[in-house]
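Copied over from Swiss-Prot:
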- Leu8, Gly10, Gly11, Lys25, Thr83, Thr88, Glu104, Ser105, Asp136, Lys153, Glu196: CMP-(2-aminoethyl)phosphonate binding site (BINDING)
- Asp106, Glu220, Asp222: Mg(2+) 1 binding site (BINDING)
- Asp136, Glu220, Asp222: Mg(2+) 2 binding site (BINDING)
- Ser313, Gly314, Thr315, Thr390, Lys441, Thr490: pyridoxal 5'-phosphate binding site (BINDING)
- 1-240: region '2-aminoethylphosphonate cytidylyltransferase' (REGION)
- 250-616: region '2-aminoethylphosphonate aminotransferase' (REGION)
Amino acid sequence: MIKQAVILAGGLGSRLKDKTKTMPKGFLEIGGTAIVEQSVQKLLAHGIEKIVIGTGHCNEYYDNLAKKYPAIITVKNENYANTGSMGTLEVCASFVNESFLLLESDLIYDSAGLFSLINDERKNLILASGATKSGDEVYLEADEKNCLTGLSKNRDALKNIFGELVGITKLTKSTLDKMCAYAKIHHSDLPKMEYEHALLEAAKTIPVAIKRIEYFVWREIDNEDHLEMAVKNIYPHIVENEKLRAVRREVLLNPGPATTTDSVKYAQVSADICPREKAFGDLMQWLCDELKLFALASETNPDEYETVMFGCSGTGADEVMVSSCVPDTGRLLVIDNGSYGARMAKIADIYKIPMDIFKSSTYEPLDLQKLEAEFATKKYTHLACVYHETTTGLLNPLHIICPMAKKYGMVTIVDAVSAYCGMPMDLKSLGIDFMASTSNKNIQGMAGVGFVICNKAELEKTKDYPMRNYYLNLYDQYAYFAKTHQTRFTPPVQTMYALRQAVLETKQETVQKRYERYTACWNILVAAIKKLGLKMLVKEEHQSHFITAILEPETPKYSFEALHDFAAEHSFTIYPGKLGNIDTFRIANIGDIQPEEMRRFTVKLKEYMNGIGVGV
């Protein structure tokens, strides 16, 4: 797995004349986006966690780009005017601690090249193409094993031409170190050394393979002719190629699984791996560390919390908590104000856990005074509740409920399946001890991984609790992973890779910005509902902004099935209500849904409703 990249962007770009006098050539725009930003987006879509950009000329452009993409680290080559690309790579080297991709900043290319390098088992690998006739080629010479033996802009200086250097290379950290050591020796006599020169020297002692893709679509933009060729011929070809690999877009307006990006879908396509390998254990540990951060404020110490993962659904994670976190001597109070609270009560009942149910309206806010009176009886050691009731979109005020429960000495167990990563939260200030969620809701991954984020002190107390469940036992799973770096049973490997990509994309967007995007979509939906004269089940001030339960129109012409099928014809999936005594349908705006897509849906909703005489 390649997780780091370096982009060399220190050059003056003088051959592009006035176009790069006041900006770096990486900021030439093609298709409305700077070419270096296109490269950054492609790297992120291929699972790159850290992008080190070596800057020089007009470095502030890259510093501003880093504000948009948290994965970017910029490092300025202060002597950029007097050094070659190797000088810029040298200043980046200390920020690289493992194998990485090395790219030039002035490239446009088909993203298939990244996949090809990342997926290849060879550790040091140069991407090459067939003949481009660009007029500024760097030719590569190879031996019988397709390993680099020479490179030059003068093809007559080489014995054979294996391909042309693209400017994207996969290297190990040790190879980078050899390149830097060689460059250091020659600072005085070769001050303007290019990275290719140092790589060729390293190739004398380390195999550096060449991967030639004969018809690879790319262009390095060094002069105005290159730019014209890129705009007219190369870029349209790249766009066409990448569109061919795009997955058909279906906008899921159901409450989960949610719509995912193509990059999350494609993250599942990886080389087979035994989940007992250390590399996969490292991946799971990284996920555990990252997942809890989305539920904690920056000032909260993450060492006080642990993430425990299972191959299961969100309901599975709920069952983990309920069955594992209440001792035989305890008593559980379950708040039931929707199907998911009722589900937690059902789980407790099946395990015969001593329990009472606090029943409340499915669409009106909880009576907090009545709830506190129940807490004050001091009958209960544990509280189980749902943060966001997916049945209706009702958001329970956990910032009041859980601290109130803690006041009465209760351990709090929370289903945050439909709240986590959709809104900022801090388990510590909320007073949540155990929180369940899943990979397929607001974190925007694929279905298959359930997890519990635990207050570590409370988790340790469960060590001696009765083991009511084998597969879903919380402490056993936690202790086994801590000891072996493995789960007790086979994890959903490909789903874990997709979850990793979803985590990276959540870090890029941030939970706060995701909440704002979800809210923008919700505002569009609510405005359309009101304009049509439809009614929402839950008052706006008590809604989550994630899911909206809409009362079905009172006309015999209405049919949910007909509305569902009409929406499906236009690539939208909607979901029926789950309240037995109230007829509703639900529209969710979670996942990778954009405001423009919600606008398109509301147009279709209006079209259907007007067709049956509603909102006319």
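Cβ from N, Cα, C; glycine included.
Known features from Swiss-Prot, placed on the structure.
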| residue | record | DSSP (3 states) |
| --- | --- | --- |
| Thr83 | CMP-(2-aminoethyl)phosphonate binding site | coil |
| Glu104 | CMP-(2-aminoethyl)phosphonate binding site | strand |
| Glu196 | CMP-(2-aminoethyl)phosphonate binding site | helix |
| Glu220 | Mg(2+) 1 binding site | strand |
| Ser313 | pyridoxal 5'-phosphate binding site | coil |
| Thr390 | pyridoxal 5'-phosphate binding site | coil |
| Thr490 | pyridoxal 5'-phosphate binding site | coil |
Count of other CB atoms lying within 10 Å of the CB belonging to Leu8 (CMP-(2-aminoethyl)phosphonate binding site): 27
Largest tally of Cβ atoms lying within 10 Å of a Cβ, found at which of the binding-site residues Thr83, Ser313, Thr315, Thr390, Thr490: Thr390
Mapped DSSP class for Leu8 (CMP-(2-aminoethyl)phosphonate binding site), helix or strand or coil: strand
Listed in sequence order, residues not in Asp106, Glu220, Asp222 with Cβ within 8 Å of the centre of the Mg(2+) 1 site Cβ atoms: Lys25, Glu104, Leu107, Asp136, Gly167, Arg219, Ile221, Asn223, His226
Rounded to the nearest Å - Cα separation of Gly11 (CMP-(2-aminoethyl)phosphonate binding site) and Asp106 (Mg(2+) 1 binding site): 10
Top Cα neighbour of Asp222 (Mg(2+) 1 binding site) in the set of binding-site residues Glu104, Asp136, Gly314, Lys441, Thr490: Asp136
In the chain carrying Glu104 (CMP-(2-aminoethyl)phosphonate binding site), residues 6 or more apart in sequence that have Cβ under 8 angstroms from it: Ile7, Leu8, Ser85, Gly167, Ile168, Glu220
Of the binding-site residues listed as Thr83, Asp106, Asp136, Glu196, the one whose CA lies nearest the CA of Thr315 (pyridoxal 5'-phosphate binding site): Asp106
Candidates Thr83, Asp106, Asp136, Glu196 (binding-site residues) - the one closest to Lys441 (pyridoxal 5'-phosphate binding site) by CA: Asp106
Beyond the site residues Asp136, Glu220, Asp222: chain residues whose C-beta lies within 8 Å of the centroid, for Mg(2+) 2: Asp106, Ser134, Gly135, Arg219, Ile221, Asn223, His226
